[in-house]
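Among the features that Swiss-Prot reports, ATP binding site is placed at G171, D172, R173, Q174, T175, G176, K177, T178, with the record citing sequence analysis. According to Swiss-Prot, the feature site 'Required for activity' maps to S382.
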Amino acid sequence: MSTTVRPDEVSSILRKQLAGFESEAEVYDVGTVLQVGDGIARVYGLLKAAAGELLEFPHNIMGMVLNLEEDNVGAVMFGASNAVKEGDTVRRTGILASIPVGEAMLGRVINPLGEPIDGKGAIETSIRLPLERRAPGVIYRKSVHEPLQTGLKAIDAMIPIGRGQRELIIGDRQTGKTAVALDTIINQKGKGVYCIYVAIGLKGSTVAQVVNTLEKHGAMEYTTVISATASDPAPLQFIAPFAGAALGEYFRDTGRHALVIYDDLSKQAVAYRQLSLLLRRPPGREAYPGDVFFLHSRLLERAAKITDDIEVAKKMNDLPEALKPMVKGGGSLTALPVIETQAGDVSAYIPTNVISITDGQIFLESNLFNSGQRPAINVGISVSRVGGAAQIKAMKKVAGTLRLDLAQFRELEAFSKFGSDLDKTTKAQLDRGARLVEILKQGQYIPMPVEKQVAIIFLGTQGLLDAVAVDHIRKFEEDFLAMLELKHPEILKSIEEKGSLEPDTANGLKEAAAKFIITFNEKAKA
């Protein structure tokens with residue numbers, strides 16, 4: 001047997017081997033941690049990093065680029081920074097911070113990175129949208145004209161909210177801000193509005209309570225809760241509202257209606273201040289960074305009512321590629337930001353900023369809350385700048401004088417404390433005002449359909465309730481509405497379907513009320 005080596009055979013074998021060789025090498029842009037602590041890392045070597053880009057730290061901790069400096073990058077970390085040390089390798093991902101979106105997110109509790117935290121398993125969705133996105137331009141918008149009913153008489157009558165509006169809920173702690181927001185979510189049942197509740201810096205127990213309340217009222221079916229609690233790192237609290245806006249934009253741009261609640265933005269501003277100071281950005285008023293106004297304006301401007309023209313909507317600025325095939329016109333994103341004040345001071349920095357950005361505010365007062373008026377809305381300084389155009393005709397008609405009547409009542413009430421001898425007209429006005437205040441009181445988590453609101457407010461403003469004792473008004477309201485549903489459903493149906501209070505419907509309502517008041521008063525005396 002010949003043992004001679006044949007060079008041509010060897011070279012052909014080598015050629016075959018080389019032809020089948022595949023390079024498995026992957027190229028990563030990596031940097032080195034120079035300094036780390038308090039959730040902030042300074043990284044050297046990431047020359048091509050982009051602002052808002054995600055970084056991968058050791059131990060699967062994600063971070064995000066916030067500062068681009070001459071010789072290093074300032075990054076915030078979404079996990080425990082004590083697991084990372086000086087000299088560790090950091091990898092660029094090339095992806096801007098984004099969140100998974102889709103119908104699969106409904107009914108779930110997630111963190112601001114889109115990861116489920118409710119123990120119900122993974123979320124199956126293929127679309128991701130960037131957290132930061134420019135607001136739709138003027139040409140892609142439509143003026144607010146459809147109502148978003150909160151189910152709260154005081155708001156729907158005097159401070160109406162329209163789809164695509166930004167309405168601020170502002171007040172001291174423990175005045176019912178979250179309750180107003182939750183009532184609004186519960187009232188969207190069956191109305192085709194998808195809700196996103198963003199909890200920023202709240203206690204974990206409070207978030208659990210919110211989820212429990214929504215589940216109890218069947219509202220989690222159309223709601224997503226995004227939670228960044230007080231124990232979560234400041235960077236997560238900072239990006240949480242942007243995650244909520246991105247999820248809301250998915251529904252808005254696919255021709256549907258969404259409602260996002262930011263509870264609350266004052267805590268997001270505090271988290272942003274913390275990050276900015278640690279990144280050595282220059283402080284401004286109340287130590288907030290100079291761009292804290294831009295932080296909130298760029299977030300809240302993303303709430304909009306989109307034009308009905310699909311062809312125009314498809315050309316919307318900054319539209320992510322993943323959404324382009326699904327775009328439809330006529331969608332909306334309504335924002336209800338919450339701001340907490342200190343001792344009723346609405347002239348502080350963050351409250352004045354957000355008041356100037358939004359289309360109106362609902363101001364809740366602790367004095368009213370403690371006196372038993374709930375929701376504790378101060379009608380005097382609460383306003384809706386664009387919601388009037390979205391209010392249904394029936395409500396506009398019956399509640400037209402309500403704000404003025406209440407303002408006069410408050411003035412006369414203060415005046416009447418000084419003197420006991422009041423003339424008949426003043427006394428009548430005070431009695432009417434007391435009944436109107438009583439009408440606007442409402443229990444928690446029992447939002448009322450708009451047709452029932454119209455019916456009861458109509459009785460109050462027309463003076464039909466003057467014959468009912470003030471302390472019996474709440475009971476009368478309950479019994480009267482139950483009677484209407486049972487014996488005169490056509491009245492409520494007419495208001496609901498036509499959206500206006502026709503003369504024959506108004507007369508029918510007056511007659512039904514007059515008869516019912518007599519029997520009600522007889523029962524009350526017995």
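We number each residue from 1, going along the chain as drawn.
Note that Cβ sites are derived from N, Cα and C of the backbone, with glycine treated the same way.
Comparing the recorded positions Q174, T175, T178, S382 by how many other C-beta atoms lie within 10 angstroms of each C-beta, the top residue is T175. Apart from G171, D172, R173, Q174, T175, G176, K177, T178, the residues listed for ATP, the same chain places the Cβ atoms of E340, L364, S366, F369 within 8 Å of the centroid of those Cβ atoms.
Non-local contacts of K177 (ATP binding site) by the CB criterion (under 8 A, 6+ apart in sequence, same chain) comprise I169, I170, G171, D263, D264, V338, E340, L364. Neighbour density for G171 (ATP binding site): within 10 A of its CB lie 27 other CB atoms from the protein chains shown.
Q174 (ATP binding site) sits 18 Å from S382 (site 'Required for activity'), taking the Cα positions as reference. On the backbone, the CA of D172 (ATP binding site) and the CA of S382 (site 'Required for activity') stand 15 Å apart. Taken residue by residue with DSSP, G171 (ATP binding site) is part of a strand. Here the candidates are the binding-site residues R173, T175, T178. The one whose C-alpha lies nearest to that of S382 (site 'Required for activity') is T175.
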